[in-house]
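> Sharing a structure with you now.
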Amino acid sequence: MRLPFTLILALLAYDSVFATAAKRDYSTYDYYVLEHNPLADASLADCASALGVEIMERAGELQNHWLVRAEKDISALDKRRADPVMQTLEEIQSRAYSAYSARSPDASHAKRIASAVRYLSPQTLRQRVKRAPPPPVEDSGFPNIAEVSQKMGIADPEFSRQWHIVNEKHPKNMMNVSGLWEMGVTGIGVIAALVDDGLDYTSEDLAPNFYAYGSHDFNDHTDLPTPVLSNDHHGTRCAGQIAAAKNDVCGVGIAYDSKVAGLRILSGPIADVDEAAALNYDFQNTSIYSCSWGPPDDGRSMEGQNYLIRKAMVNGIQHGREGKGSIFVFASGNGGRTDDQCNFDGYTNSIFSVTVAAVDHQGLHPDYSEACAANMVVAYSSGGGNAITTTDRGANKCAHTHGGTSAAAPNVAGVFALLLQVRPDLTWRDVQHLCVKSALKINPDDPDWEKTASGNSFSYKYGYGVVDAYKLVEVARDWQLVKPQAFVEMPAIQVNNGSMDVFQKAEGGISIAPGGVTSAMAVSQAQLDSDNLGKLEHITVKVWITHSRRGDVEVELISPNGVRSILAARRYGDSATTGYPGWTFMTVKHWDENPVGTWTLRVSDQAKEGESGVFLGWTMNLWGSVEDATKPVKIYDVPHVDTVLAPGSTEHTYPSTIISLPAATSTQYAKPTAHLPGDHDTSEGDASKPAFPGSGGKPAGDAQTSATSTPTPDEGWFADLSNLMTNPLWFFIAVGAVLAFGISAGIYFWRRRVRMRQHYTTLPASDDVAMSSIGGGGGGAGGQRTKELYDAFGEVSDDDEGDEETRLHARGPSPGVNLHTGFLDDDPSTAGMTPAPYRDEPDPATERSHEQGHSHERAESPASGSGSGDGSWEHASETR
Ligand SMILES: *[C@@H]1O[C@H](CO)[C@@H](O)[C@H](O)[C@H]1NC(C)=O
Ligand SMILES: *[C@@H]1O[C@H](CO)[C@@H](O)[C@H](O)[C@H]1NC(C)=O
Ligand SMILES: *[C@@H]1O[C@H](CO)[C@@H](O)[C@H](O)[C@H]1NC(C)=O
């Protein structure tokens, strides 16, 4: 057989020459990621020349994805002018599919190119948001922990303050690692990467364990993740939690003999291609990716992962660690005080990551920590008057104010390093199973705990419980590896012929009536068998809902066994008008449950005058392990477009080869918003409140909360039916009138929207315009949209030279970067960016009065007017 020798040469050349990401020059070039279909007739080079682009390098570790660039058209002063490269692709596609020229050589060339380009997307810069922590910490004055120090020979001067390792005051509340250390389990041979800002490898505490080979700076495109900006200390602190050396500097890491790499992405805006590369960087040697960042935790963002990021995570779990899968650890988020929930964040609600929320040194739930059905576990962090002591930036520096869910995640990453030393053969799913099996039920009387069908206990606040390293490793010692992953993609249900096209134009569906509407989906044994699904693990649910106020919508999933997962609870600050255009929720609450039977999705709102919505449809994926491991395994692939409901019913869908639309739901660009409590470490913890008091999780109590009118289980499942029966005729007439108006208005807006969306598809530099036009929120100035990184707790001065006594209380935008640190940044004018108006973002003042005008079920506490954290869950429960 003759090998396509030149092809091989070319690939080899790309792999070796372009192995690391070259420096980008966004001012001179426009960058794109091109996915080439290697089976197509046109070569990569043909495609590049047809599109007029230059091939730069492979896109991270993604097979057949290439970073390409074209010189910027500087004459294009009007930013709204079409992107020439995207336009070229569209022209090629229209030539390829045009009937008139079907036989011409030009058309067949166009066809070859069109079928070889599977994906093309402009790369724009966005800023990710740190889940940082900090503030005031009383000198804890712990008694020394002489015994552990002596046994392990620990001379680190601040070890006695590391209560998360040995907690003398509340001995039950610690990561419980010292017993493993005594057995020689200290993370030897395991590498974790901090996907974060800089990592100070010159720190004497980190230098001995720094892993340079797996480190890279994706912000400045250099090899080493050197902290440069004044607030680049977050990655260093998180790294210290995992692998601070046992020496005479500060404290120790949980896995003090493991290695840490730094992947710097948070110190400036970053394009998807680089974020994707970071998540797969050196993924054969690096096992764990610790990620303490995400979309803003402001209680009103809903942001998923773009196609390349999802692709990278799937690539990581399928090919990383020699196929056993990279372990992604994500912090659940710090937006608890503004009702934020980790199911509104596509990183934390991904089935491919372990989502970690926080508990404080007394084991209580700190109010910043986000709850949701995708929470897997909790770990110790700040709150109740204490924070985390860890290495800081500088040769010999120690931080005492680290915290937030930002610090909970690296504590778990450190424990995973211990776990993988003992069981390097575990797959990414084994690690998740072990978390479910071994996490400890903390605060057992907390009403947030509920029994699952498998007999386990789950809580939105704590997931399956707190990670205890000793217990985890103990369970792992004789753990049998799980069988390969299987999944069932249920056919979508179109409620009353509901549909939504790629432009988010909705048709059909059913109005959300008071009390909510429901839809049932039957899962049969035959379906499981045909996809070879044995035992259930995750469930993802995708919903299509339009609503005039997204934060009013509540969504819950009820299993055939009566177990409920609250997927979306009310978010008081979220007044987006975009609804849920194919948004995916995730729940781990049905782990090990038998899924056969009828599942019910209930969608409700606050039944407020003037606010309304339509439930269009939903679908569900069941993920688990195969029943029969001898059958061929179906491999999951990330779809290009998966936000269309009933694609066949609309003529406006593009062929799936042209994806200049980033996944429609996942591009809501945040502005600077840091609704993060500055006093996170002194916040009173709780263990006596359900996470979502009004949301049906506790059927018995709900009868009292009038306006939410959560139905009892009996009526709830048939609420839609009974609503229809009891609604008087005038209701339908009114609906008809509204529809008639809506349709004419809809046609007008649809036309506009289509036009703007087309701009979006072809205009990398101006998608901020397009996004704001659909109410998606958007940030960005000039051609670079910045995804605002938020500095979780408004990082304070402790930062600067580790001097936490001189904390700055005034917060404001950090110089030079888009890390936003202040609430004031919410105002676009003060943030100096975001030219387009945000329909996504409520004005806090009007929002509040609106809330008071229409809220029937909760008394407003005076404190709730503050705008930055109304603690709605708590207040809501107080009124019960
Ligand atoms: C914590 O570790 C010790 C060994 O150091 C072990 O005896 C204990 O059971 C562990 N705690 C839990 C809750 O498993
Ligand atoms: C990392 O992995 C590569 C290939 O997978 C291997 O050649 C190399 O030796 C590894 N490096 C280290 C430092 O482990
Ligand atoms: C949905 O559409 C089908 C065919 O297009 C039609 O037969 C059916 O009556 C419609 N159902 C509803 C509830 O409108």
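Keep in mind that glycine also has a Cβ here, set from the backbone N, Cα and C atoms.
TrEMBL does not curate its annotations; it predicts them automatically.
Positions annotated as signal peptide by TrEMBL: 1-19. The feature active site, charge relay system is assigned by TrEMBL to D196, H234, S406. The annotation domain 'P/Homo B' is assigned in TrEMBL to 482-628. The annotation region 'Disordered' is assigned in TrEMBL to 670-714, 796-880. For 677-687, 838-860, the entry in TrEMBL reads compositional bias 'Basic and acidic residues'. Look at TrEMBL and you will find 703-712 tagged as compositional bias 'Polar residues'. The transmembrane segment annotation in TrEMBL covers 729-750.
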> Could you break down the residues of the compositional bias 'Basic and acidic residues' (677-687) into DSSP helix, strand and coil, giving a count for each?
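Taking each residue of the compositional bias 'Basic and acidic residues' (677-687) in turn, the totals are 0 helix, 1 strand, 10 coil.
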> Could you give the number of helix, strand and coil residues in the domain 'P/Homo B' (482-628) as assigned by DSSP?
12 helix, 75 strand, 60 coil
> C-alpha of H234 (active site, charge relay system) to C-alpha of D196 (active site, charge relay system): distance in Å?
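Their Cα atoms are separated by 7 Å.
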> Let me know the model's mean pLDDT on the domain 'P/Homo B' (482-628).
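Computed over the domain 'P/Homo B' (482-628), the mean pLDDT is 96 on the 0 to 100 scale.
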> Using a 10 Å radius around its CB, how many other CB atoms surround H234 (active site, charge relay system)?
34
> Count the other Cβ atoms sitting within 10 Å of the Cβ of S406 (active site, charge relay system), across every protein chain shown.
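A 10 Å sphere around the Cβ of S406 (active site, charge relay system) contains 34 other Cβ atoms.
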> Under 8 Å Cβ-Cβ from D196 (active site, charge relay system), six or more apart in the same chain: what's there?
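Looking at Cβ-Cβ distances below 8 Å from D196 (active site, charge relay system), excluding near sequence neighbours, one finds K130, H234, G235, C238, A239, G262, L263, R264, I265, L266, S290, C291, S292, W293.
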> Taking DSSP as the reference, which of helix, strand or coil describes H234 (active site, charge relay system)?
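DSSP assigns H234 (active site, charge relay system) to helix.
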